[in-house]
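S.K.: Pulled from Swiss-Prot, these are the listed features:
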BINDING   C62, C65, C68, C112  [4Fe-4S] cluster 1 binding site
BINDING   C72, C102, C105, C108  [4Fe-4S] cluster 2 binding site
DOMAIN    52-82  domain '4Fe-4S ferredoxin-type 1'
DOMAIN    93-122  domain '4Fe-4S ferredoxin-type 2'
Amino acid sequence: MGVTTAARSLLLTEFVSAFFLAMRYFFKPKPTLNYPFEKGPISPRFRGEHALRRYPNGEERCIACKLCEAVCPAQAITIEAGPRRNDGTRRTERYDIDMVKCIYCGLCQEACPVDAIVEGPNFEFATETREELYYDKAKLLANGDRWEREIAKHMALDAPYR
């Protein structure tokens with residue numbers, strides 16, 4: 001027993017095996033992303049910046065049912081419904097989300113019967129002032145227009161589980 005221990009320490013077998021292990025990982029491709037310039041894949045269930053969607057004909061989807069406002073645990077959503085139209089439908093006059101209060105739980109998205117409010121793939125929406133985090137209807141519709149292709153793709157991938 002003493003001879004083998006002395007031989008191992010003299011021949012530095014642990015050092016050599018550790019060196020070759022390090023060299024094996026040194027030449028493998030790096031799993032680290034250079035973040036601002038490279039972005040990794042996002043899950044279809046990712047909950048990012050909110051967006052209001054439109055129908056393909058350009059009409060907004062929100063029917064002013066106020067389910068998202070009722071289900072929001074943070075009370076971050078404020079909706080004012082407009083008067084009924086001649087065809088019996090309603091639309092929102094005011095749709096505000098206080099992103100400072102929002103906890104990104106996704107309950108508003110789950111409650112919406114027409115998939116009008118969604119949490120999109122954008123996670124880079126840092127601001128310099130709090131006021132920029134109060135989203136009105138125009139900002140939400142602009143987000144929906146900007147991210148519609150990715151939102152539709154993610155919703156299609158997630159459809160079997162809804």
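Just so it is clear, glycine is given a Cβ too, placed from its N, Cα and C backbone atoms.
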S.K.: Nearest to C112 ([4Fe-4S] cluster 1 binding site) by Cα, among C72, C102, C105 (binding-site residues)?
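M.R.: Of all the candidates listed, C72 is nearest in space.
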S.K.: Determine which residues of the same chain, besides C62, C65, C68, C112, have their CB within 8 A of the center of the CB atoms at the recorded [4Fe-4S] cluster 1 site, and list them by sequence.
M.R.: I63, A64, K66, L67, E69, I79, C108, A111, P113, V114, A116, I117
S.K.: From the Cα of C72 ([4Fe-4S] cluster 2 binding site) across to the Cα of C65 ([4Fe-4S] cluster 1 binding site), what is the distance in angstrom?
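M.R.: Just about 14 Å between their Cα atoms.
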S.K.: If we skip the immediate neighbours and take only residues 6+ beyond the ends of the domain '4Fe-4S ferredoxin-type 2' (93-122), which ones have a Cβ under 8 Å from one of its Cβ atoms?
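M.R.: Cβ under 8 Å, 6 or more out: 42, 46-53, 60-63, 65, 67-68, 70-82, 130, 133-137, 140, 143-144, 147, 150-151, 154-155.
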S.K.: In angstrom units, rounded to an integer, how far apart are the Cα atoms of C62 ([4Fe-4S] cluster 1 binding site) and C102 ([4Fe-4S] cluster 2 binding site)?
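M.R.: Cα-Cα distance, C62 ([4Fe-4S] cluster 1 binding site) to C102 ([4Fe-4S] cluster 2 binding site): 19 Å.
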S.K.: Other residues near the [4Fe-4S] cluster 2 site, CB within 8 A of the CB centroid of C72, C102, C105, C108?
M.R.: C68, V71, P73, A74, A76, I77, I103, Y104, G106, L107
S.K.: Based on Cα distances to C68 ([4Fe-4S] cluster 1 binding site), point out the closest of the binding-site residues C102, C105, C108.
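M.R.: The answer is C108.
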S.K.: Return the residues near C102 ([4Fe-4S] cluster 2 binding site), defined as same-chain residues 6+ apart in sequence whose C-beta is under 8 angstroms from its C-beta, sorted by sequence, else 'none'.
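M.R.: Non-local contacts for C102 ([4Fe-4S] cluster 2 binding site): H50, A74, A76.
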S.K.: When a 10 Å sphere is centred on the Cβ of C105 ([4Fe-4S] cluster 2 binding site), how many other Cβ atoms does it contain?
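M.R.: Around the Cβ of C105 ([4Fe-4S] cluster 2 binding site), 14 other Cβ atoms lie within 10 Å.
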S.K.: Taking DSSP three-state, what's C102 ([4Fe-4S] cluster 2 binding site) in: helix, strand or coil?
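M.R.: DSSP call for C102 ([4Fe-4S] cluster 2 binding site): coil, neither helix nor strand.
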S.K.: Across the whole of the domain '4Fe-4S ferredoxin-type 1' (52-82), what does the mean pLDDT come to? Round it, please.
M.R.: 95
S.K.: Identify, in sequence order, the residues in the chain of C108 ([4Fe-4S] cluster 2 binding site) that are 6 or more apart from it along the sequence and have a CB within less than 8 Å of its CB; answer 'none' if there are none.
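M.R.: Within the chain, C108 ([4Fe-4S] cluster 2 binding site) has Cβ neighbours under 8 Å at H50, C68, V71, C72, I77, I117, E119.
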S.K.: Looking only at C62, C72, the binding-site residues on record, which one has the least crowded Cβ, with the fewest other Cβ atoms within 10 Å?
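M.R.: So among C62, C72, the binding-site residues given, the one with the fewest Cβ atoms within 10 Å is C72.
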